Amino acid sequence: MAPVLSKDVADIESILALNPRTQSRATLRSTLAKKLDKKHWKRNPDKNCFNCEKLENNFDDIKHTTLGERGALREAMRCLKCADAPCQKSCPTNLDIKSFITSISNKNYYGAAKMIFSDNPLGLTCGMVCPTSDLCVGGCNLYATEEGPINIGGLQQYATEVFKAMNIPQIRNPSLPPPEKMPEAYSAKIALLGAGPASISCASFLARLGYNDITIFEKQEYVGGISTSEIPQFRLPYDVVNFEIELMKDLGVKIICGKSLSVNDITLSTLKEEGYKAAFIGIGLPEPKKDHIFQGLTQDQGFYTSKDFLPLVAKSSKAGMCACHSPLLSIRGTVIVLGAGDTAFDCATSALRCGARRVFIVFRKGFVNIRAVPEEVELAREEKCEFLPFLSPRKVIVKGGRIVAMQFVRTEQDETGKWNEDGDQIACLKADVVISAFGSVLSDPKVKEALSPIKFNRWDLPEVDPETMQTSEPWVFAGGDVVGIANTTVEAVNDGKQASWYIHRYIQSQYGASVSAKPELPLFYTPIDLVDISVEMAALKFTNPFGLASATPTTSSSMIRRAFEAGWAFALTKTFSLDKDIVTNVSPRIIRGTTSGPMYGPGQSSFLNIELISEKTAAYWCQSVTELKADFPDNIVIASIMCSYNRNDWMELSRKAEASGADALELNLSCPHGMGERGMGLACGQDPELVRNICRWVRQAVRIPFFAKLTPNVTDIVSIARAAKEGGANGVTATNTVSGLMGLKADGTPWPAVGREKRTTYGGVSGTAIRPIALRAVTTIARALPEFPILATGGIDSAESGLQFLHGGASVLQVCSAIQNQDFTIIQDYCTGLKALLYLKSIEELQDWDGQSPATKSHQKGKPVPCIAELVGKKLPSFGPYLEKCKKIIAEEKLRLKKENVTVLPLERNHFIPKKPIPSVKDVIGKALQYLGTYGELNNTEQVVAVIDEEMCINCGKCYMTCNDSGYQAIQFDPETHLPTVTDTCTGCTLCLSVCPIIDCIKMVSRTTPYEPKRGLPLAVNPVS
C-alpha cells in the first residue's frame, strides 16, 4: 500500500505533541493538580517563603528598572515624546528626556547619551539610583493610561551604559579656542572640596566652559563620595562611578586624594593664600546622627551607624575602589535597621549580603510616612526584610559584651499631627546587630573652623543663596548634602551644575569680563561630534544629508524656516502649480495606517493621505524661496513643481522657480491620487516617453539642477529613471507614496470618509511600511545608473534607516512621516546618529557591533545570566523548580567566591582610538550594491541552521509553533522544561529567528553537513531520448 503523503509521519507527530489545537470542548483538571501545575511554571517569587533565596556575597544588579536592548527599544517606542514634557520639568537637572528617549527609539544610543551627559555629567549614576518615581516618572502623561508611565531611569541607564562600552573620551567644546589662547580668566585656579556628585558635576561644567586649572581635594583614598562609599554595589557598581570621573578627567580636572577640609589640612584661608580664585564646598555630611542610647556602643558589640556599615561593605564588594582587598563584613543572626530613608533600606539589603539571617527595618512613623523611594522599599520587601512601624528605640540590651536585644516604645500621632511616645506600650526585639540610619550631620569642629569665615544657618550648615549656591564669602560656593537643600544624588548634581555657572560669572567679573544674563552651559562633546557628514550632489553642498520632503512638513515656508533653524540641511517646497491648476483639498485627508495594528499615538509605521499639492500660489512659493535663500544661504531650497503634460506650462513654471533663487527643482511626476485625474502627477510619471519629454522641456528652460520625483506605482522604475536621465535630469527622487486603501470599518464605510456620502479614493501610503519598496527602488536605480544622484524618500525615520538608503546608493535623504510622528527636532538625533555610525566604523574593537547595538550577551531581563551550564554541566530554564535550583547554585558559587582571596587591580580606562579612517558620507554611498543581484547568483550550497541560546530563551515556544505550521517541523519542545531544540532537519529558513521575541536568542550559523532537500517523492529519472 502506498504511503499517505498528506499525513504527518510518527516522528513529526511526536514533535507536534505540544502544538496548539483548536478547542472543541471544555478542559477538566482538579484544583490540586492545578496547584501543582502552577508551582512548576511559576516565575515570580512565591508569597509563602519558607526557604528564602540566599543572598550572601551576591552583589549582582537587583534593580527592576534595568533594561536590555529589547526592553529599551520597546519602552522608548511606548513613550509619547510629549510637548512641553512634564517629565523634564520634574527632573532636577532638566534633562531633555523627550529627546534622549527619541534617540533610543531610533537606536541612536550615542545621541541619547550625549543629551543626558550634556545636562547631567553623572547621567549613568542617576539612571541607576535616581528616585524616578518621585521625579520625572511622577509627571509622565502615560500615568493617565492603562499601561502606566515610562521607565525613564532604565532607559537613561541603558543608553549611557552603551556609550560607556564605546569607550570614547569627552573632549572640550570644539568651538573654544585652544587652552593657550583662552583669555586669562580661564586659567584662574579653582578648588573643589570633596569628590562627590556635586563636585564632579561642578568641575565638569567648569571644564566644559574652558577653565583649565581645576583641582578636587578628597580626604579619602577613593573618589566618588557616597556614590562609592554608601550606595551598594548591587545598585551602583564602582566602575560606573569611575567611568564618570574619568570623563571629567578627560577635560583636565585634577583630583588629589588624602587631602581634607580641616584646620589641620586645607582651609578656605589657605586656599586663598595659594591663589585660588574660587572654591566649591561639596563635602557632604560626613558624621552620622546618633541617638544618645547608642553612646559607648562599638562595632565589636554589634552596633554600626550607616556611615560605618555601608563603607565597610563597599570596600569589600566594589572592585577597583581601592587596591587592597578587604574581606566581606560577616554578619550572622538578626539585624535591626533603624530608620525609614533610602540609606536605611540600603543598610537592610546590604546586611542580607553580609550573611544576616533576618532583617527588621524599624521606624518611628507609619508606612505612609516612609521617606525612602518606592523602588528601594519594594526591593527590600521582595528580599523578605520585615517592616516594623510605629516604634521608637528606647534601650539597647547588651549581654556578655554583645547586643542581644532592643527595647522600643510605641509611637502614635495625635489629632494635631504631633508624634508622641506611649511608654505603656513597650516592645522588645531580639537582635545580634543594630544599624542606626537616622541621617547625617556636619558636626566636626575642625571642619567648621576650616570653613571660616563663611556664615552658618540655624541648621548649622553653610548659608547659601539657593539660586547661585554662593555663600556669604563671594568667592566660595557650596552644594550637595552640606547645604541641606539636595536630598538625592541628582539634586546634588544639579547643585554643582547651578554653582558652575555662577562661579563662572564671579570669576569673569574679577577679570573685568561679563557673561550672558541667561545661563548658557556647553553641551557634552566627544570625537564623534567632529565627524563631517556633509555631502555634495549635483554640485550642491549639503551640510548633512537630511532634508524635508515635499509634503506636510513643508505646508508653509515659515515651517521650512523653523526646520532650517532646527538643523535640517535642505527642504523641498510643497509642490505648487500655475494658478490655472490651483487645488482645494478635501477633509479628512491624512490618517494613521493600519500596518502597526492597534497602536495609537506616535510611532505609526504608516500614514495614508488623499491630500493634493499645495493650496498656495506659485507667487507665494517663489517669494518664500527668495526669502529663505536670503536668510539661509548655506541651506539648499528645492522648488517642487507640477504641471500637466504641457511644454509651455513646464517651461513657464520652472523659469519662475529658478528666478526665485531656488537651488534646484523637483518635478513631481508621481502624486498617486487626485492629480492624476487632472492629467498631472502620476498621469505623467508612469510613461517613460512623457517623463523624458518633460525633463527635456525643463532642461531647455533652466540652468539649475532638477530631479524627477518617481512613483513606485510602476512595473519598472528603472525605465522611468533612465528616461529622466535621458531628458537631462540631474537625478531622481525615489520614491513617492504607494497607492493604497488603508482600511474599511465594520459597516463597510472607508476611512477617511469625505462628506455625508462617506466616499473616499485610493490614497498615498507613506512611512516605514513602504521602506522595503523604497529601498528596492533606490538600489535598482543605483545599480542600473551608477553615479546618477538619488534623493531617497520612503520610510526614513532614523540615522540607521538613513544609512541603509545611503548604502543603497542614495546621496541625500528626504523625511516626512517621521516628522508627522514627532517634530522638527528629530534632526538633532539624525545628525548625531549618523556621525556615531560613521565614527564607530573606524574602531576595530567594536567591529562585532551592529551599528550602535553592542554584541548581545546572554541575559534575562537585561541582566547577565550566570553560566549555570559551566557550574553543573547543563542549562536550566528560569521558572519553577529549575529557577529555584539556579538560585541555589548561584548562592553556593557566591559563597565559594567569598572564600577566595582575590586581588583587584585599580580600574584603567584606555580609550578606543580609530585605527582606520573615519568614512565620509560619500564613502558609504552605494556600499551595499555589491551584495545585491539576481536569485540565480545566490549560492545554494552554503546553507545555515538555527541555534538557540537556552540561557536567553524565555520558553515561549514561538519558534516551535512557526516551524510547525509555517515551516519544516524541525524544532522539538520539551514538555517539562519548555526548552526548544533544533533538530538536524532544520533547513535554515529563519522563520524561528523572525518571530523570536528576544534579540539574538536565535542565531543562524553555517551548516556543517550537506543540505539534502526533502523532495517528498524521489525525483523521476527520465531516459535520454
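Start at 1 and count along the chain as shown; that gives each residue its number.
The backbone N, Cα and C atoms fix where each Cβ goes, and this holds for glycine too.
Quantities reported herein were computed from a predicted structural model and do not represent experimental measurements.
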**Prompt:** C79, C82, C87 bind [4Fe-4S] cluster 1 according to Swiss-Prot; which of C130, C140, C202, C257 goes with them?
**Reply:** C140
**Further binder of FMN named by Swiss-Prot next to S550, K574, T575, K709, T793, G794, G795, C816, S817, taken from the candidates G601, G603, G681, G767** = G767
**Item:** Identity of the substrate-site residue among N585, N609, N821 (reference: N668, L669, S670, N736, T737, source: Swiss-Prot)
**Value:** N609
**Message:** Cβ under 8 Å, sequence separation of at least 6 from the ends of the domain '4Fe-4S ferredoxin-type 3' (978-1007): give me the contacting residues as numbers and ranges.
**Reply:** 15, 68-70, 856, 875, 877, 879, 942-950, 952-960, 962-963, 966-972, 1013-1014
**Message:** Cβ within 8 Å of the [4Fe-4S] cluster 4 site centroid (C986, C989, C992, C996 excluded): which residues?
**Reply:** A946, C959, T962, C963, G967, A970, I971, V982, G988, T990, L991, L993, S994, I1002, M1004
**Prompt:** For A486 (NADP(+) binding site) and C82 ([4Fe-4S] cluster 1 binding site), what Cα-Cα distance in Å is obtained after rounding to a whole number?
**Reply:** 28
**Asked** Including all protein chains displayed, how many Cβ atoms other than that of V483 (FAD binding site) lie within 10 Å of its Cβ?
**Response** 26
**Complete:** Taking DSSP H, G, I as helix and E, B as strand, the domain '4Fe-4S ferredoxin-type 2' (944-976) contains 9 helix, 8 strand, 16 coil
**Asked** For C992 ([4Fe-4S] cluster 4 binding site), what is the secondary structure state per DSSP, taken as helix, strand or coil?
**Response** helix
**Request:** With C989 ([4Fe-4S] cluster 4 binding site) as the reference Cα, tell me which of the recorded positions C79, R371, C671 is the closest one.
**Result:** C79
**Item:** Cβ-Cβ neighbours of C130 ([4Fe-4S] cluster 2 binding site) (radius 10 Å)
**Value:** 31
**Message:** Tell me the Cα distance separating C87 ([4Fe-4S] cluster 1 binding site) from L261 (FAD binding site), rounded to the nearest angstrom.
**Reply:** 38
**Message:** When DSSP is mapped onto helix/strand/coil, what comes out for C87 ([4Fe-4S] cluster 1 binding site)?
**Reply:** helix
**Asked** Whole-number Å distance between the CA of P197 (FAD binding site) and the CA of C130 ([4Fe-4S] cluster 2 binding site)?
**Response** 13
